[in-house]
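K.L.:
Starting off with a structure, shown below.
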Amino acid sequence: MDAITFLQFDFPSILLGSLAALGCGLLGNFLVLRRQSLMGDAISHVVLPGIVLGFLVTGTVDSLPMMLGAGVAALISVGLIELIRRLGRVEPGAAMGVVFTSMFAAGVLLLEQSGAGGVHLDVEHALYGNLESAVWLEATGFGDLLRPEILADLPVSVTRLAVVNLAIVAFVALLYKELKLVSFDPLFADTLGISSRLVGTLLIVMVAVAAVAAFDAVGSILVIAMFICPAATARLMTDRLGTQLWISAGVAVASGILGYFAAALGPQLLGVDMSVSAAGMIAVVAGLFQTVAMLLAPRYGVLARRRLQRV
Amino acid sequence: MPPWFEAFLSAFLLSAGYNTAVVAVGSALLGAGGGAIGAFVLLRKRSLVSDAMSHATLPGVVLGFLFGLAIFGDGRSLPLLLVGAAFTAGLGMLAVNWIKANTRLTEDTAIGTVLSTFFALGMVLLTVLQSLSVSGQAGLSGFLLGSTSGMLASEAMTIAVAAGVVALAVLAFFKELTLLCFDEGFAASTGLNRNRLDLTLLVLLLAVVVIGLKTVGLVLVIALTIIPPVAARFWTERVGRFVPISAAIGAFGSYLGACLSASAPDLPTGALIVLILFALFLLSLALSPVRGILSAFIRHRRFQRIVHVRQGLLALAHDEPILEPITRRLMKRRGYVTGDLRPTESGWSAARRIARDQALWNLWREDCPDEAHALADWSLRPIDEVLPRDMVADLEARLGLKAEPARGATA
């Protein structure tokens, strides 16, 4: 692999995978702490009917109306989940299951009936994403990384994810104290005048934004994995939220890079000439990180706990 | 009659051919099994474990295909694919339990981890399969969203029989599972092994998920075990009814969905079944007499009317003007006031009765301040209906009012 093909074909995909992983991974910390891990799962499923509707209304595969549709669908689903949880007096998980399966089913039916399936809009695409299709043909050497006019030719999905990532970092940095309080002790937060409901809603809105921005490029499965695995890994390594955020960011980016190389080069190392799904491999690598942490983490790993019990 | 309706009707009446009939009956059995087992799972608050299982089937399906390819030269054997699916789904289920029991991570995180990483592994295996470019792999994408079109008679039969077995197994374990869900401690004291029973529950859930893969698809199959019980929650509070109602909703919705999808070429079975189940859920939400939106609305309106009429009559008794438009309308409709808001004869007597009632209630409130919390409900009703007769008589005597002889007061 020489430098130019790397820059033209591999670099944009790696960037895309890592950016998606980083944004979702950071927000995932709060979902994991608030026991809302599956909100990412639910939101990335309900995005489908929104996208299809966005397409049907405008008739183009332009991403802006489709993303708007997706965002609206995500917010509607969150409201519905809350409504069913209250009226039906069922656990949030069951309410979530009702809403996201039904909305996903509506999306599938719309897709099949409208014939939108022909124009790259299909369910498999929504699940698996299309990470490998990102290219940066204008790149001619590493010097281009510093030249804004050529950087501007990076795929629009990269730019979009970069902007969303900045927004996520700003959100976490600005509301750090509030998010921390609300995640660990919502009642105490309320007594301090920090509305746990408002902060919770803002968090879910950010999750929806991140999911919608990322899933077009990397597919909803990788989005779900990134909301959970890096944060869960970090949670096993430390008790301090600040450290946890840094670890999760590191794990997310490392999964993005290692997963991509494993997918692109792994089979060749094994002597087989093929390449496997990069999005899938990134999620698998993130799962491996978490497995290692579950077994070997210094204090909360299974082995460390066993040793403590024996003493 | 439009042609699609004719097609639907013949499917509905099981006269649209052998395959369609087997698919429809199989779907109904699966829906019944899913509804029943889902009801227990909902009571155990573990509804979304099925989500982890269904996504964890993907690597198993691909492995089953590869295995069949290596041994028999053809991967398209439904039983083999389902065995593979059950294998990895079982691993996923054990992984969820292990993470929950052995690490500090909570169950939702465990479910999310398993569903995303197992499915991602399936995606990787699927791309391996694609680069092998063997025939028949296109059928695998049918597992994602489910499809009954082009299903072989033997496949439909396999699914119907397996679904029937699951439904029977739920019946066989009905008593034990009920005990487990309602009184774990008692269940344990009668010698039931709680962990084994919990595992039985999950294995039955797994069976529903795996059998449903081909018809409903792995993304949507969990709806079979989640929507019917949530809908059934609106109809009853008793488990003896809850589980059968949930099973009935599941069976009916799945049957209807399967028949509808047979009525036109482009209707995905899984999506239709889920949407019909969702429609049944919405109906339950709207119409249930216990918790439904409609009945809550009617109750609210009735309460509102009682309060307004009572306030209006009190205003009459105290010679105050009635200002609220709703109160005015209700008073006119009952004939308590005339069109220009002058009290009628019946209005006066009702007002006197309510004023006496209110005075008695006020006195009682002074007597028993501790029970004032009950007044929110009680004091809208005539005091004679709520309190014992001698108590009312005593209150009346102290108010200095004469007890009305018609009611045969003892004072």
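The backbone N, Cα and C atoms fix where each Cβ goes, and this holds for glycine too.
TrEMBL lists these features:
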- B:20-43: transmembrane segment (TRANSMEM)
- B:55-72: transmembrane segment (TRANSMEM)
- B:78-99: transmembrane segment (TRANSMEM)
- B:111-132: transmembrane segment (TRANSMEM)
- B:152-174: transmembrane segment (TRANSMEM)
- B:242-264: transmembrane segment (TRANSMEM)
- B:270-294: transmembrane segment (TRANSMEM)
K.L.:
For the transmembrane segment (B:78-99), give me same-chain residues lying six or more residues beyond its boundaries with a C-beta closer than 8 angstroms to one of its C-beta atoms, as numbers and ranges.
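P.N.:
Counting only partners 6 or more residues beyond its ends, the transmembrane segment (B:78-99) has Cβ contacts under 8 Å with 49, 52-65, 67-68, 105, 107, 109-111, 113-115, 118, 122, 143, 152, 154-155, 158, 162, 202-203, 206-207, 209-211, 213-214.
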K.L.:
Check the transmembrane segment (B:111-132) against each of B:20-43, B:55-72, B:242-264, B:270-294 and return whichever range has the most CB pairs under 8 Å.
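P.N.:
Stretch with the highest Cβ contact count: B:55-72.
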K.L.:
Please report, as numbers and ranges, the same-chain residues at least 6 past the borders of the transmembrane segment (B:152-174) whose CB is under 8 Å from any CB of it.
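P.N.:
For the transmembrane segment (B:152-174), the list is 18-19, 22-23, 25-27, 29-30, 32-33, 36-37, 78-79, 82, 197, 200, 204, 207-208, 211, 214-215, 243, 247.
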K.L.:
Out of B:20-43, B:55-72, B:270-294, which stretch touches the transmembrane segment (B:242-264) the most, going by CB pairs under 8 Å?
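P.N.:
Out of the listed stretches, B:20-43 contacts the transmembrane segment (B:242-264) most.
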K.L.:
In terms of Cβ proximity under 8 Å, which residues at least six beyond the ends of the transmembrane segment (B:20-43) contact it?
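P.N.:
Apart from its flanks, the transmembrane segment (B:20-43) reaches 11-12, 14, 49-50, 148, 151, 153, 156-157, 159-160, 163-164, 166-167, 170, 177-178, 180-182, 201, 204-205, 207-208, 211-212, 215, 224-226, 228-230, 232-233, 239, 242-244, 246-255, 257-259, 262, 269, 273.
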